[in-house]
Amino acid sequence: MADYLETLYPGYGQRLQIDELLYEGHTDQQHLVIFRNALLGRVMALDGVVQTTEADEFIYHEMLAHVPILAHGAVRKVLVIGVGDGGIVREIVRHAGIAEIVAVEIDASVIELCRTHLPLHSAGALDDPRVRLVIADGLDFVATTDERFDVIISDSTDPIGPAASLFSREFYRNCQRCLNADGVLATQNGVPFLQSAELTDTAQRLAGTFTDWGFFHAAVPTYIGGSMSFGWGSNSGKARATELAVVRERFAQSGLRTRYYNAEIHQAAFALPQYFLELIGAAHKVP
Ligand code: AG3
């Protein structure tokens, strides 16, 4: 039986047994593999990095979607940068109050291959009439659009390869421009224990861009190395300061049934370990 070896980190990594290979090939932009693993269900990897597994995707997708949406509380229009497997869009369409979702993806074939071989991730959400799919570069989209959003979610790959520009000052500045007054940007920002420079760099860039910025976190088992950080930027401190009782009320009202997210987890996710705070603090010392 063949193994899939993740190549994200030199000298350390995870091995996943390929119990059934479902797809392997090169898209225009990336190397994509989808396979079945007995323990994790279907697994999708891009350019040597595990992107998602059926077993633990709920943690990532629930946190990256519901934290900003319920912190804001009155979201009508959302922008997703990086549709990929469709897991984020699936969580967003579960909010009845959301009227419009613009979903941008640079690599159209990732969407199609995931629809076919990883169908539980998008679960039909990409056919929801509120969703408008746009095949474009994420940075170009935010740099040129006239549209405004209540929440922007960046579900990118790591800042190596096609997603590097989604961690740039220019990207954050354009997201800031595209947000409504109390709007929130939430981003995938790597695993700080192993990708420490990413947390320091992003902190510095967010600090130079947004009135209110910070991080929240969650441990996703197949993003090895401990907790994953999620970036946060807003033109007002309102959403991040939402009190527990209010988050509880909004969560109850939403009728969402989740497997990881709840109001207490939402609030606790903003409490950062000391080593995160030190890396963020280092941002202020970088000239
Ligand atoms: N995209 C983020 C995967 C990041 C993996 N990086 C890592 N382990 N450091 C996930 C796509 C899910 N829709």
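Just so it is clear, glycine is given a Cβ too, placed from its N, Cα and C backbone atoms.
Annotated features in TrEMBL:
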ACT_SITE  D155  active site, proton acceptor
BINDING   Q30, E105, D137, G138, P162  S-methyl-5'-thioadenosine binding site
BINDING   H61, D85, D155, S156, T157, D158  spermidine binding site
DOMAIN    3-235  domain 'PABS'
Task: Contacting recorded positions, sequence order - Q30, G138, D155 vs ligand 1, Cβ under 6 Å - done: D155
- [ ] Just jot down the residues in the same chain as D85 (spermidine binding site), at least 6 apart in sequence, with C-beta under 8 A of its C-beta; none if empty.
- [x] M44, Q51, T52, E57, V110, C114, L118, H121, S122
Task: Alpha-carbon distance [S156 (spermidine binding site); E105 (S-methyl-5'-thioadenosine binding site)] in Å - done: 10
Task: Rounded to the nearest Å - Cα separation of D137 (S-methyl-5'-thioadenosine binding site) and D158 (spermidine binding site) - done: 15
Task: E105 (S-methyl-5'-thioadenosine binding site), number of other Cβ atoms within 10 Å - done: 23
TODO: Return the single residue from the binding-site residues list (S156, T157) that has the minimum number of other CB atoms within 10 Å.
DONE: T157
Open item on the list: Given a 10 Å Cβ-Cβ cut-off, pick out the one of the recorded positions D137, D155, D158 that has the most other Cβ atoms nearby.
Closed with: D155
- [ ] List only the single closest residue to H61 (spermidine binding site), chosen from the recorded positions Q30, G138, D155, P162 by CA-CA distance.
- [x] D155
Task: Within the predicted model, mean pLDDT of the domain 'PABS' (3-235) - done: 98
Task: Cβ neighbours of P162 (S-methyl-5'-thioadenosine binding site) where a neighbour is any other Cβ within 10 Å - done: 19
TODO: Taking only the Cα atoms, work out how far G138 (S-methyl-5'-thioadenosine binding site) lies from S156 (spermidine binding site), in Å, as a whole number.
DONE: 9
Open item on the list: Using a 10 Å cut-off on Cβ-Cβ distances across all protein chains shown, tell me which of the binding-site residues (Q30, G138) has the largest neighbour count.
Closed with: G138
